[in-house]
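As recorded in Swiss-Prot:
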type	residues	note
BINDING	Arg23, Glu85, Arg124, Lys456	(6S)-5-formyl-5,6,7,8-tetrahydrofolate binding site
BINDING	Asn230, Thr249, Ile251, Thr254	K(+) binding site
BINDING	230-235, 249-255, 274-277	GTP binding site
BINDING	Ser234, Thr255	Mg(2+) binding site
DOMAIN	220-375	domain 'TrmE-type G'
Amino acid sequence: MINDDTIVAPATAPGEGGIGIVRLSGSGAEKLLLKFFSPRRFCERLDSHFLYYGKFTDETGKIVDEVMAVIMRKPRSYTREDVVEIHCHGGGLLVRSIIDVFLAAGARLARPGEFTLRAFLNGRIDLTQAEAVIDLIRSRSNLASDVALSQLEGRLAQQIGVFGQVIADLLAQVEAAIDFPEEDIELDDQQMLGASAGALIADMDRIIDTFESGRVLREGLRVLIFGKPNVGKSSLMNGLLGEARAIVTDIPGTTRDTIEEDLVLGGLPLRIVDTAGIRNTLDPVEEEGVRRARSKVESADLVLLVIDGSQEMGEDDLLALEFCRNREVLVVINKCDLATLPISSALDGLPYVRTSVLEKNGLDGLVSAIQERFVHNAHVAENRETVVLTQRRHRQALVKARQSLGRFRETLVQGMSPEFGAVELRDALDAVGEITGETTPDDILERIFTRFCIGK
(Lines of atoms letter the chains of each structure in order from A and count residues from 1; the text may use other names and numbers.)
(Lines give C-alpha, C1' and ligand atoms only; values in the text may rest on other atoms or scores of the structure.)
Protein backbone atom coordinates (compact mmCIF):
# COMPACT_ATOMS: atom_id res chain seq x y z
CA MET A 1 0.00 0.00 0.00
CA ILE A 2 3.03 2.30 0.46
CA ASN A 3 3.63 4.41 -2.66
CA ASP A 4 7.05 6.00 -3.01
CA ASP A 5 6.12 8.55 -5.68
CA THR A 6 6.63 12.21 -4.81
CA ILE A 7 3.58 14.14 -3.65
CA VAL A 8 3.08 17.88 -3.30
CA ALA A 9 0.44 20.06 -1.65
CA PRO A 10 0.00 23.40 0.11
CA ALA A 11 0.60 23.10 3.86
CA THR A 12 -1.01 26.44 4.69
CA ALA A 13 -4.62 27.49 4.38
CA PRO A 14 -5.73 29.18 1.13
CA GLY A 15 -5.90 32.96 0.98
CA GLU A 16 -3.56 35.84 1.71
CA GLY A 17 -1.05 35.62 4.53
CA GLY A 18 2.46 36.45 5.56
CA ILE A 19 3.84 33.05 4.52
CA GLY A 20 2.68 30.24 2.28
CA ILE A 21 4.18 26.76 2.57
CA VAL A 22 4.42 24.09 -0.10
CA ARG A 23 5.29 20.59 1.06
CA LEU A 24 6.72 17.62 -0.86
CA SER A 25 7.35 14.05 0.27
CA GLY A 26 8.85 11.08 -1.52
CA SER A 27 12.01 9.74 -3.08
CA GLY A 28 12.19 12.53 -5.65
CA ALA A 29 11.57 15.46 -3.31
CA GLU A 30 15.20 16.56 -2.95
CA LYS A 31 15.87 16.25 -6.67
CA LEU A 32 12.87 18.44 -7.47
CA LEU A 33 13.98 21.02 -4.91
CA LEU A 34 17.48 21.27 -6.36
CA LYS A 35 16.08 21.62 -9.88
CA PHE A 36 14.18 24.82 -9.12
CA PHE A 37 15.75 26.29 -5.98
CA SER A 38 19.05 28.18 -5.92
CA PRO A 39 20.40 29.13 -2.49
CA ARG A 40 21.82 32.63 -2.22
CA ARG A 41 25.15 31.25 -1.05
CA PHE A 42 26.51 28.36 -3.06
CA CYS A 43 26.86 25.03 -1.27
CA GLU A 44 27.58 21.61 -2.75
CA ARG A 45 24.92 19.89 -0.64
CA LEU A 46 22.04 21.23 1.40
CA ASP A 47 22.21 20.13 5.02
CA SER A 48 19.16 18.39 6.41
CA HIS A 49 16.88 20.38 8.72
CA PHE A 50 18.45 23.75 7.83
CA LEU A 51 16.57 26.66 6.27
CA TYR A 52 18.17 28.16 3.16
CA TYR A 53 17.31 31.50 1.59
CA GLY A 54 17.27 31.70 -2.19
CA LYS A 55 15.29 32.00 -5.40
CA PHE A 56 12.69 29.64 -6.81
CA THR A 57 12.45 29.54 -10.60
CA ASP A 58 10.26 27.75 -13.11
CA GLU A 59 11.49 25.50 -15.94
CA THR A 60 12.33 28.52 -18.11
CA GLY A 61 14.49 30.06 -15.39
CA LYS A 62 11.98 32.80 -14.58
CA ILE A 63 12.00 33.76 -10.91
CA VAL A 64 8.73 32.81 -9.22
CA ASP A 65 9.58 34.09 -5.72
CA GLU A 66 12.28 34.60 -3.14
CA VAL A 67 11.80 31.76 -0.68
CA MET A 68 13.17 29.84 2.27
CA ALA A 69 13.65 26.12 1.65
CA VAL A 70 14.36 23.17 3.93
CA ILE A 71 14.94 19.49 3.29
CA MET A 72 14.28 16.91 6.01
CA ARG A 73 15.93 13.68 4.93
CA LYS A 74 14.47 10.34 5.89
CA PRO A 75 13.91 8.91 8.40
CA ARG A 76 13.98 12.15 10.45
CA SER A 77 10.86 13.63 8.90
CA TYR A 78 7.09 13.65 9.36
CA THR A 79 6.54 10.88 6.81
CA ARG A 80 9.88 9.06 7.28
CA GLU A 81 10.51 9.91 3.62
CA ASP A 82 12.52 12.80 2.23
CA VAL A 83 10.37 15.86 2.92
CA VAL A 84 10.87 19.32 1.40
CA GLU A 85 9.17 22.56 2.36
CA ILE A 86 9.19 25.79 0.39
CA HIS A 87 8.29 28.88 2.44
CA CYS A 88 7.17 31.59 0.02
CA HIS A 89 5.33 34.88 0.39
CA GLY A 90 1.71 34.28 1.33
CA GLY A 91 -0.93 34.40 -1.36
CA GLY A 92 -2.79 31.83 -3.38
CA LEU A 93 -1.15 32.71 -6.69
CA LEU A 94 2.43 32.16 -5.53
CA VAL A 95 1.60 28.89 -3.77
CA ARG A 96 -0.26 27.58 -6.81
CA SER A 97 2.56 28.67 -9.12
CA ILE A 98 5.17 26.74 -7.13
CA ILE A 99 2.94 23.67 -6.96
CA ASP A 100 2.34 23.85 -10.72
CA VAL A 101 6.10 23.88 -11.34
CA PHE A 102 6.53 20.70 -9.29
CA LEU A 103 3.53 19.01 -10.93
CA ALA A 104 4.90 19.73 -14.39
CA ALA A 105 8.22 18.19 -13.31
CA GLY A 106 6.62 14.89 -12.26
CA ALA A 107 5.27 15.31 -8.74
CA ARG A 108 1.69 14.30 -7.96
CA LEU A 109 -0.88 16.34 -6.05
CA ALA A 110 -1.33 14.76 -2.63
CA ARG A 111 -4.67 13.35 -1.61
CA PRO A 112 -6.30 14.56 1.63
CA GLY A 113 -4.33 13.24 4.60
CA GLU A 114 -1.74 11.50 2.44
CA PHE A 115 1.27 12.91 4.30
CA THR A 116 -0.10 11.57 7.59
CA LEU A 117 -1.10 8.31 5.89
CA ARG A 118 2.51 7.83 4.81
CA ALA A 119 3.67 8.56 8.36
CA PHE A 120 1.33 5.80 9.55
CA LEU A 121 2.27 3.29 6.85
CA ASN A 122 5.98 3.94 7.42
CA GLY A 123 5.60 3.24 11.14
CA ARG A 124 6.28 6.72 12.48
CA ILE A 125 2.88 6.95 14.17
CA ASP A 126 0.04 4.55 14.88
CA LEU A 127 -3.58 5.08 13.91
CA THR A 128 -4.59 6.71 17.20
CA GLN A 129 -1.82 9.28 16.78
CA ALA A 130 -2.88 9.93 13.18
CA GLU A 131 -6.42 10.61 14.37
CA ALA A 132 -5.04 12.87 17.10
CA VAL A 133 -3.44 15.06 14.44
CA ILE A 134 -6.79 16.01 12.93
CA ASP A 135 -8.36 16.34 16.40
CA LEU A 136 -5.60 18.78 17.33
CA ILE A 137 -6.11 20.79 14.14
CA ARG A 138 -9.86 20.99 14.74
CA SER A 139 -9.80 21.48 18.51
CA ARG A 140 -11.88 24.43 19.71
CA SER A 141 -10.81 24.60 23.35
CA ASN A 142 -7.76 24.11 25.54
CA LEU A 143 -9.25 20.95 27.04
CA ALA A 144 -9.84 19.48 23.58
CA SER A 145 -6.28 20.26 22.47
CA ASP A 146 -4.88 18.75 25.69
CA VAL A 147 -6.76 15.50 25.05
CA ALA A 148 -5.55 15.45 21.44
CA LEU A 149 -1.94 16.11 22.51
CA SER A 150 -2.13 13.31 25.07
CA GLN A 151 -3.25 10.95 22.32
CA LEU A 152 -0.61 12.27 19.92
CA GLU A 153 2.04 11.58 22.55
CA GLY A 154 0.92 7.94 22.55
CA ARG A 155 -0.98 7.68 25.85
CA LEU A 156 -3.96 5.88 24.31
CA ALA A 157 -1.72 3.62 22.22
CA GLN A 158 0.26 2.65 25.33
CA GLN A 159 -2.92 1.71 27.19
CA ILE A 160 -4.21 -0.29 24.23
CA GLY A 161 -0.82 -1.99 24.04
CA VAL A 162 -1.18 -3.07 27.68
CA PHE A 163 -4.63 -4.50 26.93
CA GLY A 164 -3.27 -6.36 23.92
CA GLN A 165 -0.37 -7.83 25.89
CA VAL A 166 -2.66 -9.16 28.63
CA ILE A 167 -4.96 -10.74 26.04
CA ALA A 168 -1.96 -12.24 24.22
CA ASP A 169 -0.69 -13.73 27.50
CA LEU A 170 -4.11 -15.28 28.18
CA LEU A 171 -4.22 -16.65 24.65
CA ALA A 172 -0.75 -18.18 25.02
CA GLN A 173 -1.86 -20.08 28.13
CA VAL A 174 -5.04 -21.33 26.46
CA GLU A 175 -3.19 -22.37 23.30
CA ALA A 176 -0.71 -24.29 25.46
CA ALA A 177 -3.65 -26.31 26.78
CA ILE A 178 -4.74 -26.97 23.19
CA ASP A 179 -1.26 -28.03 22.07
CA PHE A 180 -0.76 -30.25 25.12
CA PRO A 181 -4.21 -31.71 25.82
CA GLU A 182 -2.80 -34.28 28.21
CA GLU A 183 -2.06 -31.42 30.61
CA ASP A 184 -5.60 -30.24 31.37
CA ILE A 185 -6.06 -26.73 32.73
CA GLU A 186 -6.47 -27.15 36.47
CA LEU A 187 -9.31 -25.49 38.37
CA ASP A 188 -6.91 -23.04 40.00
CA ASP A 189 -5.53 -22.11 36.57
CA GLN A 190 -9.06 -21.56 35.22
CA GLN A 191 -9.88 -19.31 38.14
CA MET A 192 -6.69 -17.34 37.56
CA LEU A 193 -7.50 -16.93 33.86
CA GLY A 194 -11.03 -15.84 34.69
CA ALA A 195 -9.79 -13.35 37.28
CA SER A 196 -7.27 -11.87 34.84
CA ALA A 197 -9.96 -11.49 32.19
CA GLY A 198 -12.30 -9.91 34.75
CA ALA A 199 -9.69 -7.37 35.83
CA LEU A 200 -9.04 -6.52 32.19
CA ILE A 201 -12.76 -6.02 31.57
CA ALA A 202 -12.91 -3.62 34.54
CA ASP A 203 -9.96 -1.63 33.16
CA MET A 204 -11.62 -1.46 29.74
CA ASP A 205 -14.88 -0.29 31.29
CA ARG A 206 -13.09 2.63 32.94
CA ILE A 207 -11.71 3.71 29.57
CA ILE A 208 -15.03 3.17 27.77
CA ASP A 209 -16.78 5.36 30.35
CA THR A 210 -14.64 8.34 29.31
CA PHE A 211 -16.10 8.41 25.80
CA GLU A 212 -19.02 10.75 26.43
CA SER A 213 -16.70 13.34 27.97
CA GLY A 214 -14.21 12.89 25.13
CA ARG A 215 -16.92 13.17 22.49
CA VAL A 216 -18.14 16.45 23.97
CA LEU A 217 -14.61 17.88 24.03
CA ARG A 218 -14.00 16.81 20.44
CA GLU A 219 -17.35 17.54 18.79
CA GLY A 220 -18.72 20.22 21.10
CA LEU A 221 -21.99 20.36 22.97
CA ARG A 222 -25.22 21.45 21.32
CA VAL A 223 -27.13 23.45 23.95
CA LEU A 224 -30.73 24.53 23.37
CA ILE A 225 -32.24 27.45 25.29
CA PHE A 226 -35.91 26.57 25.65
CA GLY A 227 -38.98 27.81 27.47
CA LYS A 228 -42.08 29.96 27.27
CA PRO A 229 -41.91 33.58 26.02
CA ASN A 230 -40.43 36.39 28.10
CA VAL A 231 -38.57 34.29 30.68
CA GLY A 232 -35.13 35.61 29.68
CA LYS A 233 -33.98 33.10 27.05
CA SER A 234 -32.45 35.71 24.73
CA SER A 235 -30.96 37.56 27.70
CA LEU A 236 -29.38 34.28 28.80
CA MET A 237 -27.85 33.75 25.38
CA ASN A 238 -26.48 37.29 25.34
CA GLY A 239 -25.12 36.80 28.86
CA LEU A 240 -23.29 33.62 27.88
CA LEU A 241 -21.92 35.22 24.71
CA GLY A 242 -20.96 38.44 26.45
CA GLU A 243 -22.61 40.49 23.70
CA ALA A 244 -26.09 41.53 22.56
CA ARG A 245 -26.55 38.88 19.87
CA ALA A 246 -30.29 38.33 20.34
CA ILE A 247 -32.94 41.07 20.47
CA VAL A 248 -34.35 41.52 23.96
CA THR A 249 -37.68 43.28 24.67
CA ASP A 250 -40.51 43.01 27.18
CA ILE A 251 -42.83 41.94 24.36
CA PRO A 252 -43.51 38.17 24.42
CA GLY A 253 -42.75 36.43 21.12
CA THR A 254 -39.89 38.73 20.02
CA THR A 255 -37.71 35.76 19.01
CA ARG A 256 -39.42 33.99 16.12
CA ASP A 257 -36.58 31.93 14.68
CA THR A 258 -33.59 30.06 16.06
CA ILE A 259 -30.31 31.93 16.62
CA GLU A 260 -27.10 29.88 16.81
CA GLU A 261 -23.63 30.87 18.00
CA ASP A 262 -20.40 29.02 18.85
CA LEU A 263 -18.44 29.75 22.00
CA VAL A 264 -16.16 28.11 24.57
CA LEU A 265 -17.22 28.14 28.22
CA GLY A 266 -15.20 26.56 31.01
CA GLY A 267 -13.12 24.68 28.44
CA LEU A 268 -16.22 23.30 26.71
CA PRO A 269 -16.89 24.06 23.03
CA LEU A 270 -20.61 24.87 22.79
CA ARG A 271 -23.13 25.55 20.06
CA ILE A 272 -25.77 27.72 21.76
CA VAL A 273 -29.23 27.80 20.14
CA ASP A 274 -31.80 30.40 21.21
CA THR A 275 -35.37 29.52 20.27
CA ALA A 276 -38.81 31.07 20.02
CA GLY A 277 -40.92 31.04 23.16
CA ILE A 278 -43.10 27.96 23.56
CA ARG A 279 -46.81 28.69 23.80
CA ASN A 280 -50.07 28.07 21.97
CA THR A 281 -50.49 30.89 19.46
CA LEU A 282 -52.66 31.85 16.50
CA ASP A 283 -49.93 33.95 14.89
CA PRO A 284 -48.70 31.85 11.90
CA VAL A 285 -45.18 33.33 12.02
CA GLU A 286 -44.79 32.74 15.75
CA GLU A 287 -46.33 29.29 15.35
CA GLU A 288 -43.63 28.40 12.80
CA GLY A 289 -40.99 29.60 15.28
CA VAL A 290 -42.47 27.33 17.95
CA ARG A 291 -42.44 24.40 15.53
CA ARG A 292 -38.76 25.00 14.72
CA ALA A 293 -37.91 25.27 18.41
CA ARG A 294 -39.57 21.93 19.09
CA SER A 295 -37.71 20.30 16.19
CA LYS A 296 -34.37 21.40 17.68
CA VAL A 297 -35.00 19.52 20.91
CA GLU A 298 -34.26 16.12 19.36
CA SER A 299 -30.77 17.12 18.19
CA ALA A 300 -29.75 18.89 21.42
CA ASP A 301 -27.22 17.38 23.81
CA LEU A 302 -28.62 19.57 26.57
CA VAL A 303 -31.81 21.60 26.94
CA LEU A 304 -31.65 24.64 29.21
CA LEU A 305 -35.28 24.95 30.27
CA VAL A 306 -35.66 28.56 31.38
CA ILE A 307 -38.31 29.29 34.03
CA ASP A 308 -39.35 32.67 35.43
CA GLY A 309 -38.49 32.25 39.10
CA SER A 310 -40.60 35.25 40.10
CA GLN A 311 -43.85 33.57 38.98
CA GLU A 312 -45.65 30.31 39.54
CA MET A 313 -45.23 27.84 36.67
CA GLY A 314 -48.07 28.18 34.18
CA GLU A 315 -49.57 26.22 31.31
CA ASP A 316 -46.91 27.35 28.82
CA ASP A 317 -44.11 26.32 31.22
CA LEU A 318 -45.64 22.87 31.56
CA LEU A 319 -46.00 22.64 27.77
CA ALA A 320 -42.31 23.44 27.30
CA LEU A 321 -41.39 20.94 30.02
CA GLU A 322 -43.40 18.21 28.32
CA PHE A 323 -41.66 18.80 24.97
CA CYS A 324 -38.22 18.14 26.52
CA ARG A 325 -39.23 15.53 29.08
CA ASN A 326 -37.11 12.69 27.59
CA ARG A 327 -34.02 14.79 26.90
CA GLU A 328 -31.04 15.89 28.99
CA VAL A 329 -32.49 18.90 30.83
CA LEU A 330 -30.99 21.51 33.12
CA VAL A 331 -33.58 23.90 34.55
CA VAL A 332 -32.53 27.56 34.70
CA ILE A 333 -34.68 29.41 37.23
CA ASN A 334 -34.20 33.00 36.08
CA LYS A 335 -35.23 36.43 37.43
CA CYS A 336 -34.33 35.43 40.98
CA ASP A 337 -33.58 39.09 41.71
CA LEU A 338 -37.33 39.77 41.58
CA ALA A 339 -38.52 36.97 43.86
CA THR A 340 -37.58 33.48 44.99
CA LEU A 341 -40.56 31.15 44.95
CA PRO A 342 -40.47 27.48 46.04
CA ILE A 343 -39.48 24.97 43.33
CA SER A 344 -42.56 23.59 41.56
CA SER A 345 -43.28 19.90 42.10
CA ALA A 346 -43.40 19.59 38.28
CA LEU A 347 -39.60 19.96 38.34
CA ASP A 348 -39.01 17.20 40.88
CA GLY A 349 -35.93 15.16 40.03
CA LEU A 350 -34.57 17.69 37.53
CA PRO A 351 -31.26 19.48 38.22
CA TYR A 352 -31.52 23.26 38.38
CA VAL A 353 -29.57 26.45 38.88
CA ARG A 354 -30.80 29.89 39.91
CA THR A 355 -29.82 32.95 37.89
CA SER A 356 -30.52 36.61 37.42
CA VAL A 357 -29.23 37.19 33.93
CA LEU A 358 -29.90 40.94 33.94
CA GLU A 359 -27.92 41.26 37.18
CA LYS A 360 -25.26 38.89 35.79
CA ASN A 361 -25.69 36.55 38.74
CA GLY A 362 -25.53 32.77 38.54
CA LEU A 363 -23.91 32.41 35.10
CA ASP A 364 -20.71 30.93 36.55
CA GLY A 365 -22.80 28.38 38.42
CA LEU A 366 -24.63 27.53 35.21
CA VAL A 367 -21.37 26.96 33.34
CA SER A 368 -20.06 24.77 36.19
CA ALA A 369 -23.28 22.74 36.17
CA ILE A 370 -22.95 22.10 32.43
CA GLN A 371 -19.29 21.14 32.81
CA GLU A 372 -19.92 18.77 35.72
CA ARG A 373 -22.78 17.14 33.82
CA PHE A 374 -20.85 16.37 30.66
CA VAL A 375 -17.12 16.43 31.33
CA HIS A 376 -16.35 14.07 34.17
CA ASN A 377 -12.72 13.97 33.02
CA ALA A 378 -11.98 17.70 33.00
CA HIS A 379 -8.77 16.98 34.95
CA VAL A 380 -7.18 15.83 31.68
CA ALA A 381 -6.17 19.46 31.23
CA GLU A 382 -3.80 19.13 34.16
CA ASN A 383 -2.88 15.46 33.70
CA ARG A 384 -1.78 14.28 30.28
CA GLU A 385 -1.41 10.76 31.66
CA THR A 386 -5.20 10.36 31.65
CA VAL A 387 -6.60 8.36 28.74
CA VAL A 388 -9.85 9.71 27.28
CA LEU A 389 -11.65 8.19 24.30
CA THR A 390 -12.78 10.74 21.71
CA GLN A 391 -13.55 8.51 18.71
CA ARG A 392 -16.63 6.31 18.37
CA ARG A 393 -14.44 3.84 16.49
CA HIS A 394 -12.24 3.38 19.55
CA ARG A 395 -15.23 2.87 21.84
CA GLN A 396 -16.84 0.34 19.50
CA ALA A 397 -13.61 -1.66 19.26
CA LEU A 398 -13.15 -1.71 23.04
CA VAL A 399 -16.78 -2.75 23.57
CA LYS A 400 -16.26 -5.56 21.07
CA ALA A 401 -13.08 -6.70 22.86
CA ARG A 402 -14.85 -6.52 26.21
CA GLN A 403 -17.71 -8.67 24.94
CA SER A 404 -15.27 -11.28 23.62
CA LEU A 405 -13.52 -11.37 26.99
CA GLY A 406 -16.87 -11.86 28.70
CA ARG A 407 -17.62 -14.81 26.45
CA PHE A 408 -14.14 -16.19 27.16
CA ARG A 409 -14.90 -16.16 30.89
CA GLU A 410 -18.15 -17.96 30.18
CA THR A 411 -16.27 -20.77 28.39
CA LEU A 412 -14.26 -21.27 31.58
CA VAL A 413 -17.36 -21.31 33.77
CA GLN A 414 -19.09 -23.79 31.47
CA GLY A 415 -16.00 -26.01 31.29
CA MET A 416 -15.95 -25.80 27.50
CA SER A 417 -13.07 -26.96 25.32
CA PRO A 418 -10.18 -24.44 25.30
CA GLU A 419 -10.61 -24.03 21.53
CA PHE A 420 -13.77 -22.01 22.18
CA GLY A 421 -11.95 -19.72 24.58
CA ALA A 422 -9.09 -19.25 22.12
CA VAL A 423 -11.53 -18.04 19.44
CA GLU A 424 -12.89 -15.38 21.78
CA LEU A 425 -9.42 -14.22 22.82
CA ARG A 426 -8.32 -13.92 19.18
CA ASP A 427 -11.41 -11.82 18.47
CA ALA A 428 -10.58 -9.60 21.45
CA LEU A 429 -6.99 -9.23 20.25
CA ASP A 430 -8.16 -8.28 16.75
CA ALA A 431 -10.57 -5.72 18.21
CA VAL A 432 -7.91 -3.85 20.20
CA GLY A 433 -5.59 -4.09 17.20
CA GLU A 434 -8.14 -2.16 15.14
CA ILE A 435 -7.67 0.85 17.41
CA THR A 436 -3.95 1.29 16.76
CA GLY A 437 -4.14 0.12 13.15
CA GLU A 438 -2.56 -3.31 13.48
CA THR A 439 -5.68 -5.08 12.18
CA THR A 440 -7.64 -2.20 10.62
CA PRO A 441 -9.34 -2.87 7.24
CA ASP A 442 -8.39 -0.62 4.32
CA ASP A 443 -11.89 0.88 4.01
CA ILE A 444 -11.68 2.18 7.59
CA LEU A 445 -8.24 3.64 6.91
CA GLU A 446 -9.63 5.43 3.87
CA ARG A 447 -12.52 6.90 5.87
CA ILE A 448 -10.11 8.15 8.54
CA PHE A 449 -7.58 9.83 6.27
CA THR A 450 -10.07 11.43 3.88
CA ARG A 451 -11.18 13.58 6.84
CA PHE A 452 -7.84 15.38 6.66
CA CYS A 453 -7.17 18.50 4.64
CA ILE A 454 -4.84 18.40 1.64
CA GLY A 455 -1.29 19.08 2.82
CA LYS A 456 -1.59 17.16 6.11
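Cβ atoms are placed via backbone N, Cα and C, with glycine included.
Feature map: annotations from Swiss-Prot on the structure.
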| residue | record | contacts (Cβ under 8 Å, 6+ apart) |
| --- | --- | --- |
| Arg23 | (6S)-5-formyl-5,6,7,8-tetrahydrofolate binding site | Val8, Ala9, Pro10, Ala11, Val83, Val84, Glu85, Ala110, Phe115, Gly455 |
| Arg124 | (6S)-5-formyl-5,6,7,8-tetrahydrofolate binding site | Pro75, Tyr78, Thr79, Arg80 |
| Lys456 | (6S)-5-formyl-5,6,7,8-tetrahydrofolate binding site | Ala11, Gly113, Phe115, Thr116, Val133, Ile134, Ile137 |
Taking the residues the record says bind (6S)-5-formyl-5,6,7,8-tetrahydrofolate (Arg23, Glu85, Arg124, Lys456), how far apart in Å are the two Cα atoms that sit farthest from each other?
19
Between 0 and 100, where does the mean pLDDT of the domain 'TrmE-type G' (220-375) sit?
80
Asn230 (K(+) binding site): tally of other CB atoms within 10 A of its CB:
20
Length of the line joining the Cα atoms of Asn230 (K(+) binding site) and Ala276 (GTP binding site), in Å:
10
Entry from the binding-site residues list Glu85, Lys233, Ala276 having the most other CB atoms no farther than 10 A:
Lys233
Looking only at DSSP and grouping its letters into three states, which state does Arg23 ((6S)-5-formyl-5,6,7,8-tetrahydrofolate binding site) belong to?
strand
Quick one: give me the count of other CB atoms within 10 A of the CB of Ser234 (Mg(2+) binding site).
24
Three-state secondary structure, which DSSP defines for Lys456 ((6S)-5-formyl-5,6,7,8-tetrahydrofolate binding site):
coil
